[in-house]
Amino acid sequence: MIILAIESSCDETGVGIADLRDDGTVTLLADEVASSVDEHARFGGVVPEIASRAHLEALGPTMRRALDAAGIERPDVVAATIGPGLAGALLVGVAAAKAYAAGWGVPFYGVNHLGGHLAADVYDHGPLPESVGLLVSGGHTHLLHVRSLGEPIIELGSTVDDAAGEAYDKVARLLGLGYPGGRVLDELARTGDRDAIVFPRGMTGPRDDPYTFSFSGLKTAVARYVEAHPEASHADVAAGFQESVADVLTAKAVRAATDLGVSTLLIAGGVAANSRLRELAEERCAAAGLTLRVPRPRLCTDNGAMIASFAAHLIAAGAQPSPLDAASDPGLPVVKGQVA
């Protein structure tokens, strides 16, 4: 079964094509992405109206490239990110997916963007066993119990304020690194001393929920430190900030896996591309006897391939198509895999 999927939740226009085989395995056939990040950079963040217009302009050419790369003209299924995300951006992708599905006479599946991030990993590491999922991106930070990609996901905890990726962008802006800040801040942090400046670790006290995150206080602590120490090395500030984020994320994720008796930790989402997070996760998983799975960096960021993979797993588990009047949902919770 050939599944074509559209991703348009934020500032990447993605079209992915995957093959769901009879044995349940999923093979990637095409993964084409067009980004409007440069158009947003001068504003210091994503501008929803610009993102929506960029999707309108990029979707047709991106679709053509994906079909050509896969060597097909018509899939068996069309899927799309139906939420969560920016309202206007979602509308563009969902409307296009419905139109393609109707024109080709094939079923439409509106699926969860966050589930897609988890499902991207199967392209690199094969079928996903029961896992604890640490989902970290610009707008989301969740700890999840993933029994399988075809079953409802259980949320163990999330952030009470800023997402990890949001904190990265805000600190990068504070240090004058521009937008998007995650990759540039990561590169700067590698040249600094992560022990030179110790920033607070939010929600790690004895009375705090072990699976809940908070990064707003960390962001404020960095801002106050830079204001009080204008001569401080920005590389050391970046390294200290990054160490705080990676420390909290990995400690809570490893604890969740240990508490649940689950032997696999999956880290997914845009922040999963961060070098220190990956490094510290490897160290802590090895010490705890856990198997760590992290997609290649290209599959950590938004793309259509991940949506095709998640749709494939839902279909394999018996999910029925979404109606063509299914509405996009900017606030779709992570526990709801599909709008049916």
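Heads up, residue numbers simply count up from 1 along the chain you see.
Any Cβ shown, glycine's included, is placed from N, Cα and C.
Here Swiss-Prot has Leu135, Val136, Ser137, Gly138, Gly139, Asp169, Gly182, Asp186 binding substrate, and the candidate from Asn274, Asn303 in that same listed site is Asn274.
Matching Asp302, Asp325 to the Fe cation binding residues that Swiss-Prot gives (His113, His117) identifies Asp302. DSSP gives Ser137 (substrate binding site) a coil state; it is part of no helix or strand.
Fewest other C-beta atoms within 10 angstroms, among the binding-site residues Gly139, Gly182, are seen around Gly139.
Take the Cα of Asp302 (Fe cation binding site) and measure to each of the binding-site residues Leu135, Ser137, Gly139, Gly182, Asn274: the nearest one is Ser137. Cα-Cα distance from Gly139 (substrate binding site) to His117 (Fe cation binding site): 13 Å (rounded to the nearest whole number).
DSSP classifies His113 (Fe cation binding site) as helix under the three-state reduction. With respect to Cβ neighbours within 10 Å, the binding-site residues Ser137, Asn274 differ, and Ser137 shows the lowest count. Just so you know, of the binding-site residues His113, His117, the Cβ with the fewest other Cβ atoms around it within 10 Å is the one at His113.
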